[in-house]
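Q: Sequence annotations record features per position, and here TrEMBL assigns domain 'Acyl-coenzyme A oxidase N-terminal' to A:21-138. Under the heading domain 'Acyl-CoA oxidase/dehydrogenase middle', TrEMBL lists A:141-249. Residues or ranges marked as FAD binding site in TrEMBL: A:Thr144, A:Gly183. Among the features that TrEMBL reports, active site, proton acceptor is placed at A:Glu426.
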Amino acid sequence: AAAMVMNPDLRKERAAATFQPELLTHVLDGGAERTRRRREIEALITNDPDFQHEDFNFLSRSQRYEQAIRKSALMVMKLREHGIADPDEIYLFKSFVHRGRPEPLDLHLGMFLPTLLTQATPEQQDRFFMPAWNLEIIGTYAQTEMGHGSHIRGLETTATYDPATQEFILNSPTVTSIKWWPGGLGKTSNHAIVLAQLYTLGQCKGLHAFIVPIRQLGTHEPLPGITVGDIGPKFGYDEMDNGYLKMDNFRIPRENMLMKYAQVEPDGTYVKPLSDKLTYGTMVFIRAHIVGDAARALSRSCTIAIRYSAVRHQSELKAGEPEPQVLDYQTQQYKLFPLLGAAYAFHFVGTYIRDTYRRISADIIEGDLSELPELHALTAGLKAFCSWIANAGIEECRMACGGHGYSRCSGLPDIYVTFTPSCTYEGENTVMMLQTARFLIKSYMQVGSGQRVTGTVSYLNDLPRQHIQPQHVAARPVTVLVNDPVSLVEVYKARAAWLVEAAAKNLQAELNRRKNKDDAWNVTSLDLVRATDAHCHYVVVKLFTAKLSEINNAAVRAVMTDLCLLYALDGISKNAGDFLQAGILTNTQVNQVNQHVKELLAIIRPNAVALVDAFDYSDSYLGSVLGRYDGNVYETMFEWAKKSPLNQTEVHESFHKHLKPMLSKL
Amino acid sequence: GVNPDLASERLAASFSVELLTASLDGGAERTRTRRAVVEAIESDPVFSQENQYFQSQNERYEAAVKRAVYLQKKIREMGWSETGSEVQYIYRCLSGDIALSLHRVFMRSISVLGSDEQIAKWMPLATSYQIIGSYAQTELGHGTYLQGLETTAVFDAATQEFILNTPTISAMKWWPGDMGRSATHSVVFAQLCVHGKCYGVHPFILQIRSLQDHSPRPGVTVGDIGPKMNFQHADNGFLRLQNVRVPRENMLSKFCEVQPDGTYVRWGSQKINYFTMTSVRISVLSDEVILPLMKACTIAIRYSVVRRQSKLKPGEQEAKILDYQTQQQKLLPQLAAAYAFHFINTYLHELFNRGYQDIQGKNFDSLPELHAFSSGFKALVSQHCTSGVEICLRACGGHGYSLLSGLPSLYTKIIASCIYEGENTVLLLQTARFLIKCFMAVSAGQPVPPSVTYLSSAKPGKCPAKDKSDFLNPEIYLKAYEQMASRLISSSAAKLQHLIRSGVDEYEAWNQCTVQLERAAKAHCHYITVKNFVETVEKLDNKAGIQKIMKHLCDLFALHGILSNMGDFLYDGYLTAAHMDLVTASYLDLLAVIRKDAVPLVDAFDFTDRSLNSALGSYDGQVYQRLYEGARRSPTNQQGNPAYGKYLKPLLQNTLSKL
């Protein structure tokens, strides 16, 4: 297969590009040096025979789990061998080893260790951190219960302090209180950080975290009082042993409660923590990460769909001519190019949040928490906004590949099932949107009471101050330059302002009907979600636009400007109702926008393949027969199919068992 | 017992669930028949799907073959007729999880495309399962565009045979169901060549495997195409032919024939055949597309009254998630759509039955309209239902992702319907072509089919609604839909004309308008769906509260459509920004009203727990107990953990580096 030549259609596409993809790759990585280092790390894995394995598509769930465990164990060793210790580089290494898939040690590395670092006392660190770092202890983080998700105050697991023995007694009192979903819990971990309601001296003190040993060291058998197992097959995540955990009068020493902040003294006296804001930090970090995941999932999908659309020929555009490349159809361009724009936009948004998080974390260490609420609100909303779009986008890409997109060899089903849970985990998207809405409404109210607001919501300062009225006041129509991204940012800003104001006024109107606050919030929640959506959309367009001026190479900047324009104009076209209803745009302007979207499709078309090449995914990371760099789609698909489990024997055993008796019965 | 949170929902029903079920089935008698069939199938352990979520591809396939074979016996035992209504209920009840379903397509193509002699020869063999058939059309490199197929069939007058070949990799047959491991025969489509002249794509009957030992026949390479997103039970196959010879009599020759000397003769009209292909699109809608949405709604809505999450008011118990407006906004429009599509499906079936009679009487006038209907509605309904099922999945939080919820497999299966039997974009553009033609005819004052006469009556104007209650008047919202669809069609036509007049060639002009045309076609089908819902509600029995609740659902479906496509409705000013506020107000009122009947409305679909196969959606609402029991049955818990001894233990004991 290595000797295949490049598909002539793809060769032609690459020759016709107006810019060098390599330069754009540098922009995405944050510099040529980083691109080099990323490739170097990937080569450590692709050139290492120990990391080779069979195609996961042909393995059962148990086999996939086993392969993932094998590679994770190996990874720990190899990281040390290669002397890789920088967290970003560890992350890169890990994602190349597992090719962007989840793995059973994710929770150990991503939750167990960091929680020990931030919430354990020095004494606890001595007991647990180094053994965990050396993987003598493998831990997970058990928060979610079968009956309780995003609303963590509703958790039912109890930890009751017994002063007589100085132990906590852990219990899962009901079926709904069984811990459910934690990754690595089912088969891999021997410890878990368990969140439970703390009871001491007869009083409930709310949720606290406890280090709970769950399996016997040496035999890996569950400890007495612990029922633990795998939660069964899921929509993807086959490599991960998401688990359940039921505890019956299971005792742990007092010293196993994480006590850096809150404490229980030997006599049972409870000592309150100083501040609970600090738990914000990790959540912001993980949600920021999901924006990056959304960018990667979507850019991989676009790479596959766009390359395949250049290779695939279908039907006729003109009678008598050869079948054209699918990518020449306007409808195909309309499906894929706005998503390509979104993939780039989300890359830049992801980088922005990561950098902002680092800057603010430094402030937090200095004790300055002032920017935290905005960052928290921004990441919650953007996590939801980007993951929803990416989720739908992956599916759009898959369907744009016709029947073959449905085959596992396309790689798209796997990308989808791996990504789609991020709409739910680390905060269900609708709940996230409503959290951001709370911040937007609060900011709006602040402006109303004469205070100025800063940051991404500063546009609220510019709203003409009206007294609260139930009717909307039409925004001023703005001049729109369809060729100027900066002008489009203003259009998005006007929409966000208008929808935030409308939601705030509707909320006020409900309150005026003497409804209580919570009812009023619930019956306004659709407006609130819509306002948040518009706010996030504005932020994304703004960040994409801001990125353009940082691109030095003129050819790269030109093509990214086209893509940014397409992304922004397509968003206006698809949400034309908002802009028309708000009176921001007239129908002539909407018409102009629609027209320009179609022109941009044709402008971007010659650069489409180069634009996905710039994402720089290797064939092994991409894991797709349709998206191969060399475009040898059909030959590879045939080779792949021959390896299918059903093809292991020329005549399947079902023939002898079932079909033969039927065929020969007469 | 039934979970009290679910039981209390049922007490509050405003209508008779049993009467609504009968109405959906088309009469109480049919409900009885359906239930009898379901009972007979589900009580038989061979048909149990209990373990399907835990099975490998090989196990799923074997179970499906076993069921298919056993089903023949069952049908004889029960005395069901192959053509009776029972058979239809069997497939519904098995959720299609059965092998040899292409055998029916094989038989249908022989009966439609074969001569009398061919029918006499092959049908008895197929009916008695002495042979197993598949249907091979799609190739690795060619899908929707039939003329592009590459497989060749060259006539050899000397031996009176056709020589079939797969000349390139992309010409390999790819995807046909039952082909990979099961079929002995297949109908194969190939380019017919006689004496160097090509006559286009024709169907041939080809034996692919030995009837003795099932091995591939000489020149045939055949196998399974590998794992897919779903359809693990089906052995979709590939087929490569190298100089495989079939007798001259194996070309299906109802409409044309190659005579012994190589003369190609064509006779009769192929239009009836065309009609058959068209009607297949409609026939998949009910079982493969609308039913999965109904199941997904049943699961998600029942779960949403069992699941409690956060508090709506401080101090109260955590609220049922269905009481959140955002959750209602996700699920209730899907429920309304499930009903809307059920009714449009009934309408389409009546239309096709009438059309079939016309065609039998050699009247082909209705054919273009039927074709446009089948293409457009297949696309619209499959697209809506697919996204509806996904919304239901994601509305169930984390547990929706467990296979035990039943939702992932509903989703991965229904998504295939957006591609098979014609890719949706291609189909919508076919409908658009018909609409543009009709629009031209209307403009020229010529008569058009009844479904598009509205194109002539639409005139610019303003919606007369003044109050939110006006938007509960079907006349008001139907007019808005009519206006919107007709504007999208006329502006696409104008744009197309403009491009052509300014010198762009016709094909290029069409391509430049396709984004707009696709939208116009969708708008048309959406309008017809709303209109049909309104007309159905008018005809419903007003007893037992059924008409009233259906009217609410109809209103919700219509208003949700307006809000989701706001830009199109606002564009020409027929509806204004102020109208949108009224629409929103009415829409939110409806959510609250329908919320109360949500559970009875899904109960009326009358799915058994076995056919839902969902820990979240069972009738008794014992969600958590079922999830826990399901997990404990998982092979990952029943079998040991080989990874521990091999990898984890050395890792934990730090002996890995010594290995």
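Even glycines carry a Cβ here, placed using N, Cα and C.
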Q: If you draw a 10 Å sphere around the Cβ of the residue listed as 'active site, proton acceptor', how many other Cβ atoms fall inside it, taking every protein chain shown into account?
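A: The answer is 19.
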Q: Could you give the number of helix, strand and coil residues in the domain 'Acyl-CoA oxidase/dehydrogenase middle' (A:141-249) as assigned by DSSP?
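A: In the domain 'Acyl-CoA oxidase/dehydrogenase middle' (A:141-249), the DSSP-based counts are 6 helix, 50 strand, 53 coil.
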Q: Take the domain 'Acyl-CoA oxidase/dehydrogenase middle' (A:141-249) and average the pLDDT across it for me.
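A: Across the residues of the domain 'Acyl-CoA oxidase/dehydrogenase middle' (A:141-249) the model's pLDDT averages 94 on the 0 to 100 scale.
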Q: Does anything in the same chain, at least 6 positions from A:Thr144 (FAD binding site), have a Cβ under 8 Å from its Cβ, and if so what?
A: A:Lys179, A:Trp180, A:Trp181, A:Pro182
Q: A:Gly183 (FAD binding site) has how many other Cβ neighbours within 10 Å of its own Cβ?
A: 25
Q: For the domain 'Acyl-coenzyme A oxidase N-terminal' (A:21-138), what are the DSSP-based totals of helix, strand and coil residues?
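A: The composition, in the requested order, is 89 helix, 0 strand, 29 coil.
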Q: I'm trying to understand the geometry here, so how far is the Cα atom of A:Glu426 (active site, proton acceptor) from the Cα atom of A:Gly183 (FAD binding site), in Å to the nearest whole number?
A: 13
